[in-house]
Each structure stands twice: as structure tokens, then as C-alpha cells.
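Trainee: Copied straight from Swiss-Prot:
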type: BINDING; residues: Ala4, Val5, His6, Phe7, Gly8, Ala9, Gly10, Asn11, Ile12, Gly13, Arg14, Gly15; note: NAD(+) binding site
Amino acid sequence: MMEAVHFGAGNIGRGFIGETLAANGFKINFVDVNETIINALNQRGEYTITLAAPGEKKIHVDNVDGLNNAKDPEAVVKAIAQADLVTTAIGPKILPIIAPLIAQGLQARDAANNHQALDVIACENMIGGSQSLKKSVYEHLDDAGKTFADTYVGFPNAAVDRIVPQQKHDDPLAVSVEDFKEWVVDESQMKNKDLKLKTVDYVPDLEPYIERKLFSVNTGHATTAYTGKYLGYTTIGDAIKDPKVFNQAKGALAETRSLLLSEFKNFDEKDLENYQNRVLQRFQNPYISDDISRVARTPIRKLGYDERFIRPIRELKERGLNYSVLMDTVGMMFHYVEPNDAEAVKLQAMLKDQPLVDVIKEVTGLKDAGLIDEVEASVKSKDR
């Protein structure tokens, strides 16, 4: 039986990546610091996924165990040394933290003369996740280790898409996910091209798919969340029923669609519109009760220069295309208040202590004076 090491035993790890690996016949070693989940995985060796869709179908996942990387890093190194595949779903900020452990695992492979090609795939909500992880891993390898990794280890970037809502269960391993899923891997960066997973798409150029997902799902979801919060809603399901929120999301996606069509000639306009309409339908799924606080969390990161709003705004402006709905949404983001979100608290503190223009420059990284003025006007237009 093939073995996978998967970093991140959270809802996405178990409810999406784990499901896919299990369906492809892998034994899965989940790596996490959450003792409750790791212990439950080891005690039971299985868990159940519920699809948030009519019929609420159950999917059984077995041949799983858990490794606590804080308490037993040696076991993780040993698992990587003999793994057929390594994946992550832990969040972009945690990738550099697991890099030393992956580096040790690769060194252990080298020491064991394991020359089987290995791919390390970061399944994160970011552009270039695997290559970013590679950079961090290589910081912990000596020249011989880098040579080994260059020869036998691939870090193919991936785009992943599945809504896994905030949820609470008595069973720590139970997880509910939407029935839609998409996992796309950049085949050109793979080392083990013989290992292809069913239900995963392999493409020669990932960029169009990553941008399509980022500027449709991520931009659309965040637009729904920040507009909904501004209008007083607490869940995505309730917010999107309001025509103001729905039209804001639809308008934002129309703007990002014009950008995608101008940037990538392989997209068909009707197909892209259908894809984005499906995205909006997913947000309306009555089986998913997603809190706005989850979707809108980390507003400072989401206002970043290369993130889901500022980047399309910049690129639309460069092309002379409309970005008014995106800009309007950015104005609402600066008014996002959520006491349990450290970044939201920090953003409001910055706005209280510094001139608005300085905060805009710091948070968005914008240098374009015209765009900075537009953001300022948008924020002020949302004052109450």
C-alpha cells in the first residue's frame, strides 16, 4: 500500500486531501500538533466525512494514523523517508515552520538511498505554495541535500478548492464538506509523473487555474463576507439572500472575469461565466452554515498587494478596465470589526492611531497615488 504524509489534520486536511488520498489507495500519516485529533486518529484509524448536500452522503476514510510533530518529530522524519507522497493543508504562515522537518525527512531519504521520486504538494490558499515551501526547505539543506532534492524531489504548485465551513462536532474527527471539489496540480514541476491521483487534474500550466480560483472563489467569498458584515449579517447563507450582497458579489466577479479573459486567452467567456455562477451557487448552499467571521478573518492579509482585491484592482486599472465594485468592497473591509480576530483588532487600532492614508499604504502596499486616493475615498464613503 502506498503511503502519504499529510501535514495538517484539520477540516480541510481530513475532509478534502485525506478523502482524495484514501480514495486513491493511500495509507495516510496525518501530522499535526493537535493532540486530541492525533490521539483519535491513532485510536480509531478511521473517520467519516459528511457531504453538505441533499442526502448528506457519508464517506468513510480508513488506513489513517496520526503523528504529533511537536512530541515525536523523529517519527515524522521516518515517515517522510519512506513516503510515496507528501502533502500539506496547514495555512501559508505555517509552511516555513514545518520546512525543517521536511528537510530532515529528505536527508533521511538520502541516507537510506531511497531514490524513488517524491512530490511535495502544498494544498494551500496561496499562489505558488509548493515552490514557497521548497524555498523554506532548501534553507535547511546542505549542498548534498539540495543536490538530492533537485534530483529526486518535486514541489509542484497546486490549486485547491472546496468549502469546508466552520463546524462543531462531538466527535473530533467528524467533518462536513461541500460536495464540490477541485484539486489541480502543475505537472511540469512534478518529479514522480507516474503517480497521478484520480479526481485530481494535472495541467502543464497552473497559473490560469490558480488565478481563476483566487479571483472567483476567494474574491467572491470575501466580497460576500465583508459586504454582509457591513450590512449586519453574521452568516454567509443569510447575507447572500440579500440582493445587495448577492449583486455586490456578482459585480465583483464580473470585474475579475474581465481581467481573467484579458490575461488568459485559453478561457472561454461563457465557460468562465458559468464557472463563476456555480461559485455563487456554492455560497448559497443551505447545507453549509458558514460564519462571516471565518470567511472574513485576517483582513490585513486579505488587503495585501498581491491578494484577492488589491491585485485585481491594480491589474484592471493597468488595462483600463472597470474595478468599481472591488474598490467599493475594499472600503467596507476597512470598517470590518471582529473582536475575536487579531488582525481585525489590529487594523482598527491602526486606523485609530494613524492617518487613514498611512494605514492604506502600509496595509495594501500601494504606491500608485491615484489608487491610494480611490481607496481613501471608498473608505470614507462607508463611514457611518
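These residue numbers are counts, starting from 1, taken along the chain as shown.
Placement of Cβ uses the backbone N, Cα and C atoms for every residue, glycine included.
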Trainee: Taking only same-chain residues 6+ apart in sequence, whose CB is under 8 Å from that of Ile12 (NAD(+) binding site), what do you get?
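Mentor: Result: Ala89, Cys123, Val160, Arg162, Val164.
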Trainee: What's the number of neighbouring CB atoms sitting within 10 A of the CB on Ala4 (NAD(+) binding site)?
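Mentor: Taking all protein chains shown, Ala4 (NAD(+) binding site) has 24 Cβ neighbours within 10 Å.
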Trainee: Give the three-state DSSP assignment (helix, strand or coil) for Ala4 (NAD(+) binding site).
Mentor: strand
Trainee: Could you check the binding-site residues Gly8, Gly10 and say which one's CB has the most other CB atoms within 10 Å?
Mentor: Gly8
Trainee: Sequence gap of 6 or more, Cβ distance under 8 Å: name the residues on the same chain that satisfy this around Arg14 (NAD(+) binding site), in order along the sequence.
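Mentor: Sequence-distant Cβ neighbours: Phe30, Tyr47, Ile49, Val61, Leu173, Val175.
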